[in-house]
Every structure is written in C-alpha cells, then in structure tokens.
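Database features (TrEMBL):
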type	residues	note
DOMAIN	10-185	domain '3-hydroxyacyl-CoA dehydrogenase NAD binding'
DOMAIN	188-284	domain '3-hydroxyacyl-CoA dehydrogenase C-terminal'
DOMAIN	331-399	domain '3-hydroxyacyl-CoA dehydrogenase C-terminal'
Amino acid sequence: MTAALDGPLVVVGGGTMGAGIALLAALHGQRATVLEGDADAADAARGRVERALARRVARGTLEAADADPVLARIAVVADHGATADPVAVIEAVPEILELKRRVLARAAAAWPGATLASNTSSIPIAEIAAGLDEPERVVGLHFFNPPTEMKLVELVVPPRALPAHVDVARRVAAALGRTVVEATDAPGFVVNRCARPYYLEALRAVEQGLADVATIDGACEEAGFPLGPFALMDLIGIDVSLAVTRSMWQRGDHEPRWRPSPLQEQRVADGQLGRKSERGFHAYGDGAPVRGRARPADRVVAAEEAADRAGAAIDASLTGRPAPAADVALARILVQLVNEARFAQAEGVATADAIDVGMTVGLNHPVGPARWSAWIGGARVDGFLDHLAGPAGDPVYRRPAPTPTTEEPR
Ligand SMILES: NC(=O)c1ccc[n+]([C@@H]2O[C@H](COP(=O)([O-])OP(=O)(O)OC[C@H]3O[C@@H](n4cnc5c(N)ncnc54)[C@H](O)[C@@H]3O)[C@@H](O)[C@H]2O)c1
C-alpha cells in the first residue's frame, strides 16, 4: 500500500482524464475532489466516475463491497469553497492555454501552498505557469488514458518549479501507484516525443513505396510491439495522432524529423480517421478483412530476433545487397526510435533509463531504445542513419552531435 498524502487532491475538470485521475486516487485510498465549472457539468462528471467504478465491479477487478468506500472518497463539486485544503491540484480541463491559466490562478488563490499540476499533453508548462503570480508552484503531471490502467506518469519540471513542489508531485504520483519518469518542459515531453518515429518513419516508408501498411504492421507486431504503427494510429484516431505531431512540429521550430506526413493529412481530409470512422489505414466494421496478427509468446525474445533481422537488413543495405522490405522498414523504424532517444538525451530532456521506462511502461514497447541500440549495434545504427541521410544529408536522419550528456546506449 502506498503512503497516504497529507491532504486531499483536487482535480479540476472531471472529463475523460479528470474523472479517471480522481477514481485512481480513490482506488489507492486517497481522497479526491473533482471541481467542475457548473452544477450540470458536475453531475456529468459524477456519472463518469460512477460508471467507471461500475465497469470495474462488472469486470470483477473490484469487489462490489469495496465500491461504496471508493466512491465515498470522491467528492464532485462546482464550487471552490466546498473542499478542504488540498495537497495538490491537478488541472485536467480542455487543452486551451487561457483556460488552464484561469483555473490554476483561481486554484492558487483558493488554496495557498498547494502544488499546482497540469495534465496538459502539449502546452509547455512554463507557458501555463507564466500567467500566475507564483509560477514556481506549477509542474506537469501527465497521465495517460485511461489513468486507472496506464501505469506511467510523466513528471514535467519547468526551470522555475520549486523543488518542494516537484517533491509533492512525485509523492502524489507514487501515492497513486504510478511509475514516474521525469522530463524537462520540451515538446512532447518523453513519451509522445520518443514515440514519434514509430509512426513517422513507418509513414515515410509507405510514402516512398518501400513497403505497404500491412507489411509494416506485421513486421512490428512480429517484433513484439503490441500493435503495428498503422493499426495503432487507427486505434488512437489518425486525427488525434496528427494533432500531436503538428503540435510538436510547430513547437519544435519545424524540426524536420517531426514533419507531419501527407499520408496522415490526406486520410484526415477524407474523414478516414481510423476505427472510429470504420476506415483509416485499415478497414473496420462489417465485411472488413480480419488482419492476421503475429502474437509472439515472449515479446522480448521476439524483439531480439527482430533486431537481428533488422541488423542483417542494414548490413545488406549498406553493401547494396537486397533485403526483405519488411526487415528494412523495421530497421528504419528502430534506428529512428534510437536516434530520437539520443536527441532527447543530448538535449537533456530525460535520461536513457527514463526513456526506456517511458517506452516500455508507457507504451508497452517490448524494449526501449537503449536496448534496440545495443542489439543492433551503435555503429550499425550510425551507418544506417548516414546511409538514409544520403549524400545530400537529409536532415530527417541527422544524428545529434556527441555531447557529455549523451550516454552510450547499453
Ligand atoms: N484524453 C486523453 O487521451 C488525454 C491524455 C493525456 C492528457 N490529456 C489532457 O488532459 C486534459 C483534459 O483532457 P480530457 O480528454 O479529459 O478532456 P475532456 O473534454 O474529456 O474533459 C475536460 C473537462 O473539463 C471540464 N471543464 C471545462 N471548463 C472547466 C472549468 N472552467 N472548470 C472546471 N472544469 C472545467 C469539462 O466540463 C470537462 O468535464 C487536456 O489537457 C488533454 O490534453 C488527455
């Protein structure tokens, strides 16, 4: 059992994420108050919490007798006066800078001393904090959807955050039973950033005619990834995935590696958003072909074998010999995952260990970039990146300059 916090949590906004975070807290024995904008929204938020709890009982993951005590630890209110002083406030209102500033400013005034955390996916924490009288109280606590199932939380530490507030945020995540990775306040933090090549390199391989969607998805699933990149984009929503890429690209000074793919843009323009519209990179719904999925028994063993195939495909490519398209595409995705992680480390965004935890715990990758690099071999990764960059030096495959903070991949 995790240590109790010194006071309740306030979660501002009881939507998809806020209701889930409050339920997660209550499931871990903590008290949580969901603060909504008005009484109708509070009713809707209470309904979301109750339905999520009922689903757990129906699935058998929670004893029926435990449901009432869990619910009793959650209050849903529409008024700041209705809660005891919280140890921390987590805002989970819609992704609008001014709204986030406004709700945190009100929370800061109502509860002096409380740590203020934002669950934003894409807005720099420093920009949210800049609107407040005490920006040093603000950190990022980025939960994943659904918060009760996803074990990872990114703790985003902007330069001005006071260590005492960072500590409180760390304790909150631990009290909620989450694994924490720390990141600096950079676009995409750790997970969204280091996951980009999984999608973008796969999209480039299709754009360039190297392999088709089914081949690439099959190669990745055989390598131990839970879903191939295209099937995963279909699940997340191609529009949602594109929005994350666009936001990172814009906030990241149009970094060439993060450039949105025309293939995604076309699908979104055509209303082919993935599973929710029954058509994306694959077809869904009645009559759609069932995709065969390779499900390796041991995903790490499968990953190591796939890294060998990718290594052989790299050797072949470097010496002008033919190699199976599936292996070449997988090799491209893996070296770009390694390269993005190297950039993130070189820029001080996160350590190699934190990135590996982010990718395995947060995204269920079979192993993290450091392990892929060790299996393929750092020199081979470098050689393949230089080969892909070509004589003109395509910046998409540029390598970070070695710096003292770049840890050798293990
Ligand atoms: N949905 C995801 O998969 C996901 C994952 C990680 C992070 N996030 C981030 O979490 C945040 C919330 O996302 P969501 O998907 O839960 O959104 P949502 O639209 O489901 O919920 C937002 C909630 O905020 C409430 N709200 C609006 N204005 C308010 C106000 N002034 N005071 C109090 N409550 C107010 C709304 O009534 C709603 O219940 C966003 O910043 C998003 O980027 C979302």
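Just so you know, glycine gets a Cβ as well, placed from its N, Cα and C.
Any TrEMBL annotation is an automated prediction that lacks curation.
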What does the DSSP secondary structure composition of the domain '3-hydroxyacyl-CoA dehydrogenase C-terminal' (331-399) look like, as residue counts for helix, strand and coil?
50 helix, 0 strand, 19 coil
Just to be sure I understand, if DSSP states are collapsed into helix, strand and coil, how many residues of the domain '3-hydroxyacyl-CoA dehydrogenase C-terminal' (188-284) fall in each?
63 helix, 3 strand, 31 coil
Please work out the mean pLDDT for the residues of the domain '3-hydroxyacyl-CoA dehydrogenase C-terminal' (331-399).
97
